[in-house]
Every structure is written in structure tokens, then in C-alpha cells.
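Some notes on the structure that comes next.
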Amino acid sequence: MNIQQALNHITKNIHLTQPQMEEIMRSIMQGEATEAQIGALMMGLRMKGESIDEMTAAARVMREFAIKIDVSDIKHLVDIVGTGGDGQNLFNVSTASSFVIAAAGATIAKHGNRGVSSKSGSSDLLEQAGIHLDLDMQQTERCIREMGVGFLFAPNHHKAMKYAAGPRRELGIRSIFNLLGPLTNPAGVKRFVIGVFSDELCRPIAEVMKQLGAEHVMVVHSKDGLDEISLAAPTTIAELKDGEITEWTLNPEDVGIESQTLNGLVVADATASLKLIKDALSKNKSDIGEKAANMIALNAGAGIYVAGITKTYAQAVAFAQDIIYGGQALEKMSVLAEFTKTLKQSQAD
């Protein structure tokens, strides 16, 4: 099936099969599809609604084309990642949570990009923190193995995605490519916390991850519209564990955290995001820092739990709070910045 035939199917509201979608995705990754065709595909799938088979097939092909890092032998290897597109411009919760999860004894291989629809993507924030992302594959692997936390800058690993970059930028809508980012970690990760931009995606994304061989996954979307676990509202969760998917709703009070509004947690840019995160992870916090710390604990707890460090989510949230208030997460951030600086200097010598 060529992309024109696929578009014809999609306009009739017909889902593509996995083999059909794999063929279309390969044509995009090999530079055979025009930008107009890619843009039309993005819009058509968005209007129709991406099926589980379409997402699974596209993710499988994208993984096939990825430049990989093999750290799959590491125990407790996890990624915490969001689709973006919640439009609320909160501080970068998942990136802050990464340092807490790593300080808890899990290993983070975080797959991220610059902000597409938000003001602070993970890469924007990390660069502000002095963490170098322009590392080669061996250096990134060293960060993961030696520091317990490494960041996989998506364009370095998914070079074939350059063909979709123009349409994504020009259309400015969330699309199947926003969904694929969290599904295509190039480090062989099988444990994930994935935030999605609609609660209707929670179960389907869990189903996709099951087909892709994941072991333990929490797919989350909060009732106030966040692609993460919210401090201000219940969060819908689809959890894949031991091959089974269960759906449940989480209230912060369920794990001993008082619900609060998100006032004060919105940031203008990566600089403001970093300032708030450093406040939240420090031992002496402002009132807004305390609130941000609670938000981080809810999300870091999910990562600690799916990584297999604790048996329950509630235990993991309590552990995350201990780490945040003990200052270990902030220390992990500064140590990683220093380590990447050393790697870059040795590269230059």
C-alpha cells in the first residue's frame, strides 16, 4: 500500500492494518513520502483517531530505524515520559522526577525532545541545568551505567524522523508522532510511566506497550488535563503489569498527599522551570517549592514503582518524598551536569 492509498482509506474512516501502517511508516522513514503527504497523514489519523494497530506498527518501524543504545541488561531500567500537548505549561515534572527515581536506585534512560507544544521540553530544561545532550552513544551509555541517569535526545537516535520534522513544525498540532516519542525509547527500556494528552488514550497506549513487549507500565492522564499525575485532580491510570491491564483512578489523598491547586506551577520558559525544580528539590523550600515537590513525588513515585524498587505505588511515593527532602535528587542533577561536562572536555582534548 502506498501513502496515497492509505490516505484514501483514512478519509473513509477505515483503520490501517499493522502491515499497511508498517509499509507507510517505512516510506516516511526512507524519505519516499512528500511533506504534503506526511502532513495529510498526520491530520487524517488525528481526525479519524489512531488505532492500536496503527500506533503499534508505527512504533515498531520507528524502533527498527532507531540508533540504539544497549543497556537492557540493567535491572530497574525505566523511562518517564509524556506526549506533551497538555497546553498548561507547567514546570517539567517528568524530568525533575527522573532525578528522584535515579536517586531511589532505579536507572533512568529518559527519551526526550525540545518542547513542541509546551514552553519547556525536557531537552530545553536539561541544557539550562548545564547537562550536555550532544554526547555520542558511548558517552550517553556511560551516563546511564555510571550515573544511573542518562538522556536520549530523540533527534540523535531517530535521524530518519527528519523527514517528518517540517510538517510537524508547520502544522503545530499534536499527532501520531507525539504518541510515538514515548513508545520508541532506543535503550531497550521495558518499564515506563507514560503521560498522555487524553484519558481516552490511557488504555490504548497500554495495549500498544503490551504488544511491544513492555513489562510494567503506567499510562496516566489527569482530570484537569495534564499528561502526568496531578496534584489538583484525580488521575486516570491504565497499568500494564504481568501481561494484564488494569484501570484505576488515583487521588493524591490515596497516598497521603493533600490535593492543591496548580497555582504557581506554571512557568514561562526553561529557565523558570529549572528555578522551580531546584527550589522543589532543595532542603529549604518555598511554599511553591513544597507544592512542586508534592507534584514531583506523585510522578517520581510512579517511576520508582514500575521500576520494581517498591511493591506498591504508595510505598514508592513515600520513598520519593524521603529522597526529595533529603536532597539526594538535587545532588544527582548536579553530579550528572558535572559528569557530562567532563565527558565533553575529554572529547575536545
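For all residues, glycine too, the Cβ spot is worked out from N, Cα and C.
Database features, via Swiss-Prot:
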- GLY82, 85-86, 92-95, 110-118, SER122: 5-phospho-alpha-D-ribose 1-diphosphate binding site (BINDING)
- GLY82, ASN113: anthranilate 1 binding site (BINDING)
- SER94, GLU228: Mg(2+) 1 binding site (BINDING)
- ARG168: anthranilate 2 binding site (BINDING)
- ASP227, GLU228: Mg(2+) 2 binding site (BINDING)
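In this structure, the C-alpha atom of ASN113 (anthranilate 1 binding site) lies 12 angstrom from that of SER94 (Mg(2+) 1 binding site).
The Cβ of GLY82 (5-phospho-alpha-D-ribose 1-diphosphate binding site) has SER94, PRO182, ILE194, GLY195, VAL196, ASP227, GLU228 as same-chain neighbours under 8 Å, each 6 or more residues away in sequence. Across the structure, THR95 (5-phospho-alpha-D-ribose 1-diphosphate binding site) and the residue listed as 'anthranilate 2 binding site' place their CA atoms 23 angstrom apart. Cβ contacts within 10 Å of ASP227 (Mg(2+) 2 binding site), excluding its own Cβ and spanning all protein chains shown: 29. Each residue contributes its Cα atom, and for the residue listed as 'anthranilate 2 binding site' and GLY112 (5-phospho-alpha-D-ribose 1-diphosphate binding site) those atoms are 16 Å apart. Around THR95 (5-phospho-alpha-D-ribose 1-diphosphate binding site), a 10 Å sphere centred on its CB holds 30 further CB atoms from the protein chains shown.
Here the binding-site residues are ASN113, ARG168, GLU228, and the one ringed by the most other CB atoms within 10 angstroms is GLU228.
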